[in-house]
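Structure first, then comments.
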C-alpha cells in the first residue's frame, strides 16, 4: 500500500513521481557516463594504466548499481508502492549493497594507492598492474563475502523509507540479524572508511607541502586532487545514509518520518553518476579522448547517413 498519495488534490506530480523522475535521471546519467569511462579507457592505450584499472572498476560498480538497483526504484516509485514482490526486494537490496561496497572498497584502494605513490612513505613504491588487479579482485570478493549471508538467513533485506525501495534490514532487532549488521558495519564500512580517512588526510597533507618540496610530478598531483574530490563526494553522499542506518540499528523503536528517512537513501542511490563526471572533467587525457570518441561516433553516423542509409536502416551498421 502506498504511504503517500499518488496524486495531490491539484493533479500535480506526487512525491513518488518526483522520486521516480530523480532516479530515472540518475540512472540514465550513470549508464551514459560510466559506459563512456569504460569504453574510452579500454579504447585508448595511454589510459590503460594501473590507477585507471581501479577507476574502471568503480565505473563498473556504479553501472551495476544503476542497472540492477536504481532502475527497479524507478518502477516502484512510478506506481507509488513496491510492486516487485519479495524477489524484487531482495534483488534491489542485494544489488545496491553489493555494488555499493565494491565502490567503497575501490575508493579505499584508490586512496591508499595515491597516498603511497604521491606521499612516498615507503620510498619509490609503485602501483603495478598486478597490484591494481589484486585490489580490483579484492573489492569484489570482499563485497560478495559480506553481502551473500542475507540470502541464506544471516541478515535480510526489507523495504525502507516510503516503502518503495529495499535495503539491508536495519530495523530487525533479532540478535542474529543485529550480529550481521554489526559485522557488516565493521568490516564493510568502518574499515574502508578508516583507510580512506587516513589516506585522504595523508594525501592532503602531502599535497599542501608539494610546492615547497617539488618532489611530485604535475600529473601525480592532478590525479591526487581528483581522488580527494572523489572521496569527498562519496562521503557526502553515503555518510548521511550510513549514519541513519546506524541510528536505526542502535534504536530500532525510533520513529523517523518516512520522507526524512528517504532523503539520505536517495543521496546514496543517486551517487552513481558523479564519479565519472569527476573522472572525466579532472583527467585531461580522459576528457580529450571522450571528446574524440564522441566526434568519431558523430562522424560515423554522418557518413552512414549519407552513404549507407539502406544498410544502416537494416541494422547491419
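Yeah, the Cβs are placed from backbone N, Cα and C, and that goes for glycine too.
Here's what TrEMBL has on this protein:
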type: DOMAIN; residues: 33-279; note: domain 'G-protein coupled receptors family 1 profile'
type: TRANSMEM; residues: 20-42; note: transmembrane segment
type: TRANSMEM; residues: 54-74; note: transmembrane segment
type: TRANSMEM; residues: 94-112; note: transmembrane segment
type: TRANSMEM; residues: 132-149; note: transmembrane segment
type: TRANSMEM; residues: 178-211; note: transmembrane segment
type: TRANSMEM; residues: 223-249; note: transmembrane segment
type: TRANSMEM; residues: 255-282; note: transmembrane segment
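For the transmembrane segment (178-211), the neighbouring stretch richest in Cβ pairs under 8 Å, chosen from 20-42, 54-74, 94-112, 255-282, is 94-112.
On the 0 to 100 pLDDT scale, the domain 'G-protein coupled receptors family 1 profile' (33-279) averages 86 in the predicted structure.
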